[in-house]
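Structure first, commentary second.
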């Protein structure tokens, strides 16, 4: 942290202490701290959590997956391709600079150079600045997810990030693995200023005195974020009163937290789907839809959720969680062993066959145990599974090589939209367009792909929903992959720390609005 | 003496060289560092490009050659995660680990000597038997279990001790932040030090007891008894001094081992030291940091062994350091 910034922060901190009649400090522990202060360096949960504390997006998701105006006060569609945003006036950056349309343009251009974020902003042709407080976002073709995608547009302070740093490098340079200005300095419009940061040890935040959102009920003046990697230690820190707020909370500790009268547990159905894919290129039998269906009938999602996840997940029969446009109510988990055996027989595989399976062992909640359960369920229809699990660091390499016949993959749609699942997980693999990048099954259904493209340019939500629900139905009937469950989310906090209203399904708690009762 | 140092230095260089080759050749099996740097929707082409920029697509020998060339100038690479020279990152975390090891060593020294001597002198007493029984338990319980048990009892149930971290530290010199000079820092040290000590303490009690019992049987002790010397003088001056020789040798080796054991202790207590850093680096596939850590820990082993050899010479003048006959 540079000296002036820490001095500034120190001054602000003492100001805050003097002024704060109901000054409150939140000590919180996540499993990791943000990798960088540069909001465009990595598209990850940690970055988004940091962005929502120190920046504001143009619009943000509310609890019902609707949109809430932030730096854009209102917006309207001008034509098929253009959406006009009216920006909030009187907003200050941490540096003291005023927020205007040029900052939005600066950020938009920078996002389009970020390897992680450029995909989200690819549908946009340009951003036109109409005046200081009006911008037009123009898309290449009619695009239904303009608002979804601008939840990723957190305007950065263009004046602050312009010029060269002490090393002679441009301040706005986006470096993935280096010591850049933007990875260590930050000026946003958000509720908190980073006052001190020791990577991997702690990050201190101080409330921004000139925060524009004076209607926010938030009363937390200081936040100390400590990464605590080990789940038992994290839980112990909360129970012993060393921290006020923790996330994530492992399912094994839920009972202990619920039974403790000093802390509260908040859970919510999540949107990350856990699936298995069956590789048709490696295994001839998986080309036969009946065999895939047999596998689908042999898997007991409810059993996995109950026994392994201890109820901390929602059994799934499709990828879209409830609340997404593509969520198809009619699709239900279909565990039926008799039917499964019958289908195997019809397909001529009554005696079964042997396959290999791979899953990570530290990526998803209970991933290894889930894979073991699935393997033993498949044994009942005479499919012998040779299972290998490994740490995520090694797993992704194997996944890219499609190294096993069945592979586990979990997915969260960055756009909070069903089409994102189809594009990455079930579309016909195509290295040029990047579609089907995580479709290790090589499942390919041209008709579903056609509908997916159609949904991408359909701006009428009702029609889009109908198309995407139909895709879910097709994938279900075809048993394109094996859905298991959506992982739930959990947070735990000391009583009096009202986290419930600020947490959300994306797992970016809006800590600016957090209220601590004394 | 000088010849001894030169010999040691040459050995150290060979050791470092071997460690660097081994750690460099296993790094390909640790996973893909790019995966930890980019989001999941980044395309393979983008990742290849980044890999090229990082030089990860170069042949092994080219990468290793580049590493050795930089290492000779004191640059062990730049950590992907911390974006700082790997050596700086590790050295910044070294004090926390050394303080932990130091605290644990104090516990071991001040408990193992009296307990070991007592149970050697009074092998039949109930207390000795209890100490021996407990030491079996201590040696068999894995350190992370001890640590979690301690947290559960003293942090959650009794609420006497903090559950994680280093607490308040004071700046010493060269960026050394110490937890030994504040009440809060000391409170944070207790549980991690006890857990770390729990592995080695039983070993040392048993070692001192066994050595002491052997020494007490020796002729010169019998002679001392016959001479009618004060028992205290016999036990603590004559017998203990000879007991300590093998203890120092084992102790030197074990200090290195203890640095390695800090990986577990630090992880459970979220102790911001080197061991925790190393485990995190493995999870993040931060290969430059992993390689640098192995080299630094190798250096610590070499240094502690050298010191042990020197101390050994002081305690036992018959040992010839340079190995001349």
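Here the Cβ of each residue, glycine as well, is placed from N, Cα and C on the backbone.
Annotated in TrEMBL:
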DOMAIN    B:94-312  domain 'ABC transmembrane type-1'
TRANSMEM  B:9-27  transmembrane segment
TRANSMEM  B:100-121  transmembrane segment
TRANSMEM  B:133-155  transmembrane segment
TRANSMEM  B:186-208  transmembrane segment
TRANSMEM  B:243-264  transmembrane segment
TRANSMEM  B:290-315  transmembrane segment
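Residues 127-128, 131-132, 180, 189, 192-194, 196-197, 200-201, 204-210, 212-213, 216, 235-236, 240, 243, 255, 258-259, 262, 265-266, 271, 273 of the same chain lie 6+ residues outside the transmembrane segment (B:100-121) yet bring a C-beta within less than 8 angstroms of a C-beta in it.
The transmembrane segment (B:9-27) shares more Cβ pairs under 8 Å with B:290-315 than with any other stretch in the list B:133-155, B:186-208, B:243-264, B:290-315. Using a Cβ-Cβ cut-off under 8 Å and counting only residues 6 or more beyond its ends in the same chain, the transmembrane segment (B:243-264) has close neighbours at 97, 100-101, 104-105, 117, 142-144, 147, 196, 199-200, 203-204, 207-208, 211-212, 215, 271, 273-276, 278-279, 297, 300-301, 304-305, 307-308, 311-312, 315-316. Taking Cβ pairs closer than 8 Å, the transmembrane segment (B:290-315) reaches residues 4, 8, 11-12, 15-16, 19-20, 22-24, 27, 30, 67, 76-77, 79, 86-87, 89-91, 94, 241, 244-245, 248-249, 251-253, 255-256, 259-260, 274, 277-278, 281-282, 321 in its own chain, all 6 or more past its ends.
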